Amino acid sequence: MQVTLKNFTKTFDDTTVIDSMNLAVNDGEMLALLGPSGCGKSTTLFAICGIHRINGGQILFGDRDVSDVPSQKRNVGVVFQNYALYPHLTVFENIAFPLSVRGDSKPDIEREVRAIAALTHIEELLARRPAQLSGGQQQRVALARALVRKPDVLLLDEPLANLDAKLRLEMRSEIRRIQLETGITAILVTHDQVEAMSMCDRIAIMNKGEILQIATPTDMYRAPVNKFVAGFLGNPPIVMLEGRTSGDGRFLVKEGTSLPLPARLAGMPGDTPLSLGVRPEHFGAAGANRVEGTISFVEPQGRETLFDVTLDDGVVLRSIQPARDDVVFGQKVVWPLDAEKLLAFDVSGRAV
Amino acid sequence: MTRNFSAWPIYALLGILSAPLAIMYLFLVIDTFTNAPPGSLIPNEFTFHHWRFLWDPTVTGDVWGPTLTTFLFATSMVVIVLAISSTAGYAISRLNLPFRRFFLSGIMVMHAFPSVTLIIGVFLVLQYAGLYNTLIGVILVKASLMLPFGVWIMKGFYDQVPWEIEMAGVQDGASRFTVWRRLILPQVTPGLLSLGIFAFIDGWSEFMLPRILAPSANFQVLSTYLNVVSDPNSTTYNFNLFKSVGLYYTLPILVLFVVFQNRLMNIFGGGTKG
């Protein structure tokens, strides 16, 4: 089921949180709403499921306008951040609740619950109560309950935020598997770029109530539309250097260092203020240009090692490389910089 | 619990401090089953004589009528207080009511109001409504005086139930009423239980309102019955008999308290899980 937001506007009292936003989620797609806290991503989610009434615009499920349809009739499955399982009911009764409210017959309920429990791998937990489950199991139950009445849309509100690191990894692929197996249209709200990139077909990145860019994870990482997107995606984060073009295909950092510009920008007139973004993987690995500096920080991460390199004038570049221990703190290094991969942004923050 | 110091000095101190109370209760019980020679505390005779009021209506008048009335009174309190507090508490905790703040502060003020100061007004209202000297009138007044407490307590319990559960219920297709009845209410049962017991005890022990608002009615509750028994000018005045009736009157409360004491403590925690 395709979900469309048209000029969706939401205000709380006098503050406009979201001002005429447009968004289309394709049928069977999993889309991430990614952004820092307070950017309006959860508000959008709650508007789609009907918990928040919208102040303007339209919400369409397929061709059906659901803007004024109450939550109960929207047929949306929601997984909340704290799972919101009903503590006084067993897992079976939790999952059966949406069906029993709908008035399904006992055998039907039994069959549907068993089927969805098999899909989410919780068959052996059906007799337990939520308090007797681990975080990951609670998550599976919440997912099963959201999916059991075959909703048109599945909404996930920071579903992994309450899990520890290892479970998070496991549930990430589990949620994706279940989404793909059911072919349901899903919207995931998260502030974690790794979750968004690893689980979703497309990402809509939001800031201050606005969608900045909608793209596949790879496209968004490679070609962010502006500085905010570039800074939000990528871990360790991108390094931003402020400076001006020199006019002959080079870039002068405020502090003095001269770096090459990518070939596509070589023709830029001189003295244009720019921000140059250097991702850590594009420094120290390959490239035609050499940059000299002193290692000022080493962070071994097991498979990789993260270095900070301070150039002579104080500019700090970050580099991530396959684990190596031949370089130590304080050592002088000359490392290659892949100029073609650099990202450039104009004064307003837009990519150039 | 770990013990960093020996506990016996504390037990000893508490024991000494509560000894007068304990001795008093002990003698209350002993005196109802025994007779002591004049001028002595030590009983010399075991007897059921003081409990004869239970089967002999000529002693102090019929005791079962007042017992039944008191039970009816206390049970009605439970029903009214629970029905209204469980719904009003939910409304105040969750619904976007007009004048919500006004209601909240109103409840606080009513809660703090000494009910005696209302008695003249209540008297006039009952008189006007034709409920003066009736059991229903007393029940209504007593229940409404207890409601601010009940609503406030239930609001506290409802506040503890996470919002998401309610939203999840709505998303699952249930109406607000179904959500309340099937998902929220089961989670405030500890509150309902303790509030119910409180209402029962409060109704059971009420003396002032029946006495003032139904002085010449054709019914008696146990407290007013006890008052008649304890009248030193009456011909039936007997101290041990008075004690027996008093003990009989207290017993249900004691039993309730012993059985439910853990639940009752829970009410002051606002329903937080231990």
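Count begins at 1; order follows the chain as displayed.
Here the Cβ of each residue, glycine as well, is placed from N, Cα and C on the backbone.
Record features, source TrEMBL:
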{"type": "DOMAIN", "residues": "B:67-260", "note": "domain 'ABC transmembrane type-1'"}
{"type": "TRANSMEM", "residues": "B:7-30", "note": "transmembrane segment"}
{"type": "TRANSMEM", "residues": "B:71-90", "note": "transmembrane segment"}
{"type": "TRANSMEM", "residues": "B:102-129", "note": "transmembrane segment"}
{"type": "TRANSMEM", "residues": "B:135-158", "note": "transmembrane segment"}
{"type": "TRANSMEM", "residues": "B:179-201", "note": "transmembrane segment"}
{"type": "TRANSMEM", "residues": "B:241-260", "note": "transmembrane segment"}
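The stretch in closest packing with the transmembrane segment (B:71-90), judged by the count of Cβ pairs under 8 Å and taken from B:7-30, B:102-129, B:135-158, B:241-260, is B:135-158. When each of the listed stretches B:102-129, B:135-158, B:241-260 is scored by C-beta pairs under 8 angstroms to the transmembrane segment (B:179-201), B:135-158 comes out highest. Counting residues 6+ beyond its ends, the transmembrane segment (B:241-260) has Cβ neighbours under 8 Å at 28-29, 31-32, 50-51, 53-54, 59-60, 63, 193-194, 197, 200-201, 204-205, 222-223, 225-226, 229-230 in the same chain.
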